[in-house]
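In what follows, a single structure is set out as structure tokens and then discussed.
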Amino acid sequence: MFIILKFLISFFLICNFFNYNDHFASGQTLPPGFCPSPLIYRNSTNRQNDIENGYLFIGQTNCTSPCPSLIFSENEWHRVYNMSLIAGTISMFALIFLIITYSPLVNKYNGYTRHTVGILFLFCGIFLTVTTDGRQLWDIDLGFEKYCPEPGRFARQSDTKCLVTAIFFQYGCVTSILWWAAISVDLWMTIRKVKISKLQFITYAVILNIITLILTFAPIASKQYGYGEAAIGCWLMDLKYQVGYFWAPVGFCLCVGCVSIVLIIREIYKVSDAIKKKLLAKHLKPLMLIILMLSEFIYMFIFYSYTTSRRGHYHDVVEKYIRCLFINASNPSICEVDVSISSPAHFFFHFCMRLMGIEGLIFFGFTRQTKRIWLRSFWLNNSFIKKLIPSLSSISSDEKTSNSSHRTTRGCRETEFGESIEQSNDPEHFIELSGVDSKN
């Protein structure tokens, strides 16, 4: 009797086969409360409202997709979330150090130029990105509940935590890419010895931040922030909004960055060997960071473009998996999701974001300029610290004496990184890092 009943149920399900996300036929019915694992049954009284709240229904049934989605196995999801926790935490502390170093808390106002301000904005943007995406120290115990507040429900902007983290994540991403492009242009202007006034500097800084605010807050009106099927945090959901409010600006910034790098290399190549060595000595670290970040942005851009082009394939894979679930309703464990998106490639995509903070520490944290900023700061240059650590006082005094000697006896000029470069009577031999002219 049990075998006959099992056969009838399987026959009924096959005959009433449905499509996934509009790929299945509409108007199907299933036994009340029945959904093969890992699909989740949702007793919906207001289907449209449930969809807006983040439930992904399978065709016209009351079965919903699990959260996180079926695109990866649970182990693969845990792997990428654990990476976001470990790499993100390291990156977060590295960025905190860099932000404090270049902020008014430590760096004196007269040490600010368009380049140092650009670096500060860049690091702040990356910091917002790594602390609002994936898993962090302060929400380890939440597990998937942070982005899956209820079984089978993906978080939406109606969920306060999702909206707040999505806003900060989008703002951080846009800030990072815009100021990365600005820094790459600034490095070229530095080598070309181009100076701008304070008014011009403030103007383009304000414009960049206005663009960032528009690209961040405009999608809220269309309720576009939420947790997606391949994401590890809340962000823009619809493809057209992702392209219009992020990837199109990213593409433009990548073009600007590529052109700037080519022009920088061209300028370095044109000068004599002696000047070339000085240029490389002064600009090698910023240039390497710009090139590394360019390669990471390009990888993320290519990965996103590739996965977007295969959205149809992803739905076909999930459709095949769900067919298997309903055909083998009594033994769903034999069904497996075929690989639609490479798990290692997806892992590296999210790792790239966290790698930027670590790279920032390597190229801007362990430098003479960082040491000089801290030694000049109030925190290490006060009577209490000098009494507590006498050796630090002598080092600070040596720094001041050295700087004074450079300015008076060698006709040196300080750069925005607090490093001196000898002047020459030949204007072609004078290297000036980016500065802001005090004249308006």
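Even glycines carry a Cβ here, placed using N, Cα and C.
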Taking N107 first and then I389, would you say Swiss-Prot puts both of them on the same side of the membrane? yes
Candidates N43, N403; Swiss-Prot annotation N-linked glycosylation site sits on N43
Annotation N-linked glycosylation site in Swiss-Prot: match it to one of N328, N381, please. N328
Of N43, N62, N82, the glycosylation sites given in the record, which has the fewest other CB atoms within 10 A of its CB? N43
Return the stretch with the most CB pairs under 8 A relative to the transmembrane segment (163-183), choosing among 111-131, 201-221, 245-265, 286-306, 347-367. 111-131
Between N62 (N-linked glycosylation site) and N82 (N-linked glycosylation site), how far is it from one CA atom to the other, in Å? 32
Can you tell me which of 201-221, 245-265, 286-306, 347-367 gets the most C-beta pairs within less than 8 Å of the transmembrane segment (86-106)? 347-367
Expressed to the nearest Å, what is the distance separating N82 (N-linked glycosylation site) and N328 (N-linked glycosylation site) at their Cα atoms? 33
If you average per-residue pLDDT over the topological domain 'Cytoplasmic' (266-285), what number do you get? 76
Please list, in sequence order, the residues in the chain of N328 (N-linked glycosylation site) that are at least six apart in sequence and whose C-beta is under 8 Å away from its C-beta. P36, I334, C335
